[in-house]
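Visitor: OK, TrEMBL features for this one:
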type	residues	note
COMPBIAS	429-442	compositional bias 'Polar residues'
COMPBIAS	443-456	compositional bias 'Basic and acidic residues'
COMPBIAS	509-536	compositional bias 'Basic and acidic residues'
COMPBIAS	551-564	compositional bias 'Basic and acidic residues'
COMPBIAS	565-575	compositional bias 'Polar residues'
COMPBIAS	588-608	compositional bias 'Basic and acidic residues'
DOMAIN	4-66	domain 'DUF1899'
DOMAIN	638-703	domain 'DUF1899'
REGION	418-636	region 'Disordered'
REPEAT	75-117	repeat 'WD'
REPEAT	167-199	repeat 'WD'
REPEAT	762-804	repeat 'WD'
REPEAT	805-846	repeat 'WD'
Amino acid sequence: MAWRFKASKYKNAAPIVPKPETYVRDVCVGSYQTYGNNIAASAKFMAFNWDHAGSSLAVLPIDDSGRKSKLMPLLHAHSDTVTDMDFSPFHDGLLATGSQDCLVKIWHIPEEGLQESLSNCECTFSHKQRRVETVGFHPTSNFLLHSTSFTTLTLWDLVSQQELFSNTDHSDVIQSVSWKKDGALLATSSKDKQVRIIDPRVENSCISTANSHQSIKDSRIVWLGDSNRILTTGFDSQRLRQIIIRDVRNLTETEKTLELDCSTGILIPLYDADTGMLFLAGKGDTTIGYMEVTDKEPYLIEGIRHSGEQTKGACLIPKRALNVMQGEVNRIMQLTSNSVIPITYQVPRKTYREYHADLYPDTSGYSTELTAEQWYQGKNIPVPKISLDPAKRKNGDEPIVVHKGNLQLLIQECKTEKTSEKTPKANDAQLQQANKNESNNPVKEKVKDIEKEKPRLGPKPFTAPKFTESESFDKIFSVPAAPGSNGIHEETSSEIENVENEQQAALSEEPKDVSDKPKTPSTAERRKLFESGSKDNDDDSLDNELAGNFERTKSIAERRKIYERSQSNQETSGNVPEKSEGSPIMMRRKDSFKNRKNTESLKEDNRKSAPITKQQSLEPIAAKKVENPPAPKRTSTVFGRVSKFRHLKGTPAHKSMHIENIRNLSRQIPGECDGFHANPERVAVPLSGPGGKIAIFELKKTGRLPDGVIPALVHGNNIMDFQWDPFENRRLAVACDDGVVKLWMIPENGLVEPTNEAESEFNAHLDKIYFIKFHPTAKDVLATGSFDMTIKIWDLSTLTEKYVLRDHVDQMFSFAWSPCGSFCSTVSKDGKIRVYKPRNSETPVREGKGPVGNRGARIIWALDGNFIVVMGFDKVSERQIMVFNANDLNNPLNTIGLDVSPAILIPSYDEDSSTLFLTGKGDSTIYAFEITEETPYICHLSHHRSNNLHQGLSFLPKNVCDVSVVEFAKALRLTNNSIEPLSFTVPRIKTDLFQDDLFPPTRITWKPTVTSAEWFSGKDKAVQRISLKPEGMDLLSESQGQPNSTSEKTINKLANQTQNSGYQPYNRLGWNADMSGQTKTKQDEISKSVSSRLEVNLKLEQDDMEGVDENEWDDKRKFVGRRMQYTTKSK
């Protein structure tokens, strides 16, 4: 019983729970059926599942606290629940996640944390059709990751991004994996009630097996440090929670078996190998147990347990993040349903002024020289230990944080080190000669001195797009001459040239280095310069400082401001001289920083000024009135991205607006067909059964459909594709598998009985038809694509074939017209994207590489036809989105992976908001993305998740949207037995005003611009635009001083007057106190005019009141006098 008298330094370690103010509160956590801990932590960050679906992660600083908004940036990791996650022990920003979508992803968390939502991972590994159960990093080897899926254990090399090892010896699901601390062996526990010891570097990798807990419920395993013992938690045959300790040298025998209680929550073992402290956190429990693990009997000594809130997950933080000067020996991050609680275990001491070295043995460090390849080849290198003594640390008692670059940078460094190792070392004579030559080279010394003087590069908030040799930045983003500018714009252009010449002269003084990149000021540097410039009277100092310290890149915003200033000068006065040395940045009033609110509003107004669009004429127009085209949406600023539609919300309509009791939906429609189409009056739904039936439902007839036969269009052959005529809500075109296209005209009040008599039909092809698409601007123009590898353009007014497009060699997946109708594009099974100009050539005018997967794809045009977006699959069947420049299809501008699903993503694009909606048949989520002209080109918006699965989604034209409730898109959703309207809105406060920043003039897509004869003859006509503003509704911009409003013009005019003619006082009345005589005279005239129209009465109210006569006052005085005399006598 000697153990009773053995002193334990951690026997009295007690949990200390901080105040609720230090919790991370108001988080959204669901209940997840996973084998993971649902939370992970490094020395810098913590990550945990977010929302009830658990597909996204919240990543916060390890010492974060306070309430969290549900709109905070998230890590959109997977399309399904994240089952497990783990941080690298050698990089506090490298996170691995596994999910039910069968994927393992590696993420790089920026050093400053998530400033915006992250969805692009560093690399991806796939487990084919099985969900991922666990993931984790190797304890001693860098870039080595393990993951499990069903019965398969896999090791991945992050450098080569290849599979190193795979084991399938398990007969049931692997529930837990743990490495020995030296990284030589690993242990697994499985649902087959077995525990296994595996050495991946030998031929027969499973070296020993033993029976474990006798219940099939969850079990966990943890290796007890460097020892030869493992500990498992699970349930016995009586469903009691159980702990078993085994020696791997005699695995079949147990050293210690301990039954605890009959609770149903699986025990999560958290073990600290340095102190021997074991924490047991049960999912669903309100207590966290603490035991000390020893080498001899009784093996487990119970300590002080913690009681608190119900546990959803738990993890330990690394030892280098502990507050050692307060006696903190361990810290548990407890995840609850609405908070993250840091629970500190502290060893009581009399004082904490000194470092207690006996509590903190040297712990494993944060650097290793062992790579995954070296480890797999049999090399073992222990991780160097570090001391936790603040006196021996660089930053004292602050946490030791190791944050490196992204994975690609680390891989490049790793490869560079390998190359340097293979390079033969020079002998001493060669090194001395090289040093001598270098010391005698004065040019190199000067270069070194110059490099020392260079300021540190900050992070780049903007990355310029890549252009071809024929396209330069200035050529594409040059500001056109303003109509009637009278030379003002030419002066502004000369300013730009002067700035360019000054910059080139300054750069020519320095030695050029090809490796040096142009410097861009960081966000902090821009803000610092902006604030310092506000204190000076002359704003040019700010611009000169920017131009002197940084290599200026004239962005779109700067060129926009140049044009606005010239245009405003034109409106004020043509005789006012302009400074020739003016900065291209809009100048501010000297008193503009006295009121911060006014400053912010003025900056916002300048920031939102409407730029010139590409469609506007570059020539001055004299006697022609030009309507201002809608301004493209601003997607970024100096301080980050801006999206008005980021928080869009999808809301189903009330049940009374649904069409219910729909029966016999067809699920045999080809993948090239969307399967559901709607227009503002009716919908078309394919029905199962012989004959190729399509049911037509009137949207005005809502409610439950009567039982019985549903009226339908009977075709006699299988349906391949169908589409409504965009210019005639009653006409439906249907393509059949016999190559016939039938045109139906639906009665005004809808179908009342089944019919097989089409209005007209024609034989389009000799083989099956892939798709049919109506022209977006021309009436009676239809495109059909067939198995015969041709696309035909038809004139429906005469039912004649006009053009045939060729050059396809494999199945065509999708076809799309450009918005102008002059071009069309296809994506096919051969992995190519083709762009045609039907009226000019039957062969493609451009080609490029598309998705490599052969399951199916979709293609659309975006941003006025300047970009092409393709949805498809990659090699591992992951759904992905690719964005191309329409003029360059060789390489995509950006590609993002979505999830693994067999359903083809069906796109719907709203050009006014540049929002791309995506969903698939059988999905319950409608994904939303914003397509932008700037990097990253694809931006995540809020996704809409429905309560049940849908079979189709069809969006309606823009004119049916209710702008009074800020509805910018409206769709109809087809489920298994109903059709429900779905409204997409943007949260706004002032809904009584017309949100003209969200609703620019929209294209009239429901009326044709040309006839079929005109289009086939080569005539094109621009699509007209109309405003969606209802009558009697005020504009938001006019009430708040947004672009195109009177108040903004006033501010811009005053700003230009200030920079051109010196400082003038500004007051809230809108005019200057120092007014000219002419202005004062005009004000007097206005005042007299108003006074003459108002009735002026100078009579006062008391003039009409009656007074008191003098005689009455005398009588009153006499009465008061007699009264006083009588009172005196009586006393």
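Numbers run from 1 along the shown chain.
Backbone N, Cα and C define each Cβ position, glycine as well.
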Visitor: Is the repeat 'WD' (75-117) packed against any residues at least 6 beyond its ends, judged by a Cβ distance under 8 Å, and which are they?
Guide: 32, 34-37, 39-45, 47, 49, 53-61, 123-137, 139, 142, 145, 147, 149, 156, 158, 318, 364, 366-368, 383, 401-407, 410, 640-641, 878, 898-901, 925, 940
Visitor: Using a Cβ cut-off under 8 Å, which residues of the same chain at least 6 positions beyond either end of the repeat 'WD' (805-846) come close to it?
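Guide: Residues 671-672, 770-771, 773, 775-778, 783, 785, 787, 789-793, 852, 854, 856-861, 864-865, 868, 870, 872, 884, 886-887, 889, 911, 1003, 1015-1016, 1018, 1020, 1023.
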Visitor: For the repeat 'WD' (805-846), how many residues does DSSP put in helix, in strand and in coil?
Guide: 0 helix, 18 strand, 24 coil
Visitor: List the helix, strand and coil residue totals of the domain 'DUF1899' (638-703) as derived from DSSP.
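Guide: DSSP composition of the domain 'DUF1899' (638-703): 3 helix, 24 strand, 39 coil.
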Visitor: Can you break down the repeat 'WD' (167-199) into helix, strand and coil residue counts using DSSP?
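Guide: Helix, strand, coil within the repeat 'WD' (167-199): 0 helix, 17 strand, 16 coil.
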Visitor: Per DSSP, how many helix, strand and coil residues does the domain 'DUF1899' (4-66) have?
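Guide: Its residues fall into 5 helix, 23 strand, 35 coil.
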